[in-house]
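Novice: This is the feature table in Swiss-Prot:
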type	residues	note
DOMAIN	1-175	domain 'Macro'
BINDING	D11, I12, N25, G33, V34, D35, S122, T123, G124, V125, Y126	substrate binding site
ACT_SITE	D35	active site, proton acceptor
Amino acid sequence: MKSRIHVLQGDITQLAVDVIVNAANSSLMGGGGVDGAIHRAAGPELLEACQKVRRQQGECPTGHAVITIAGNLPARAVIHTVGPVWRDGEHNEDQLLHDAYLNSLKLAQANGYKSIAFPAISTGVYGFPRAAAAEIAVKTVSDFITRHALPEQIYFVCYDEENSRLYNRLLTQQGDE
């Protein structure tokens, strides 16, 4: 059976998948890194949708996820999840990162989405070590898809070659590619 998990190197904002995941901050108001890139590419409709979510439920806690429209993106929707800031690994960061991936997958499944694309959550300015973050991402996604039919296709979208190699190596070790 062809693998359901894929690694791509490039710009997550260009993917025509059902839903892309935004590594958001708790304010949901946009920021740097992939968060800023997604907001810029999606246009003002995304910020308006995030403001509406925030008015309804307040900030998005670390490890949680919310879903909005995609604005001008080719994706159908955006799931915004808040990964943890790395603080030496002594503040439940591993579990919170796991929760960010898991809650994103659950939202995609609940909305019937067949394809989802993830950035490397928390590995930019939040400082989560790349190798540890990739292991958590791959394990969380792999465990989820063994028990669920949706999403059918999961993409890890890496901004650079180093992360791409890291994810490919982990998937090869698991026998998923």
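Placement of Cβ uses the backbone N, Cα and C atoms for every residue, glycine included.
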Novice: Using a 10 Å cut-off, grab the number of neighbouring Cβ atoms around the Cβ of D11 (substrate binding site), all chains included.
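Specialist: The answer is 13.
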Novice: Rounded to a whole number, how many Å is the Cα of the residue listed as 'active site, proton acceptor' away from the Cα of S122 (substrate binding site)?
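Specialist: Here the two Cα atoms lie 11 Å apart.
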Novice: Over all pairs within D11, I12, N25, G33, V34, D35, S122, T123, G124, V125, Y126, the annotated substrate binders, what is the largest Cα to Cα distance, rounded to whole Å?
Specialist: 19
Novice: Which residues, sitting 6 or more apart from G124 (substrate binding site) on the same chain, put a CB under 8 Å from its CB?
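Specialist: Non-local contacts for G124 (substrate binding site): A23, G32, G33, V34.
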Novice: Give me the non-local Cβ neighbours of Y126 (substrate binding site): same chain, 6+ apart in sequence, Cβ-Cβ under 8 Å, ordered along the sequence.
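Specialist: In sequence order, the residues whose Cβ lies under 8 Å from that of Y126 (substrate binding site) (at least 6 apart) are A23, G83, P84, V85, W86.
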Novice: For S122 (substrate binding site), which residues of its chain lie six or more apart in sequence with Cβ-Cβ distance below 8 Å?
Specialist: A23, G83, P84, V85, W86, E93, L97, A100, F128, A133
Novice: Within 10 Å of the Cβ of N25 (substrate binding site), how many other Cβ atoms can be counted across all chains shown?
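Specialist: Summing over all protein chains shown, N25 (substrate binding site) has 21 other Cβ atoms within 10 Å.
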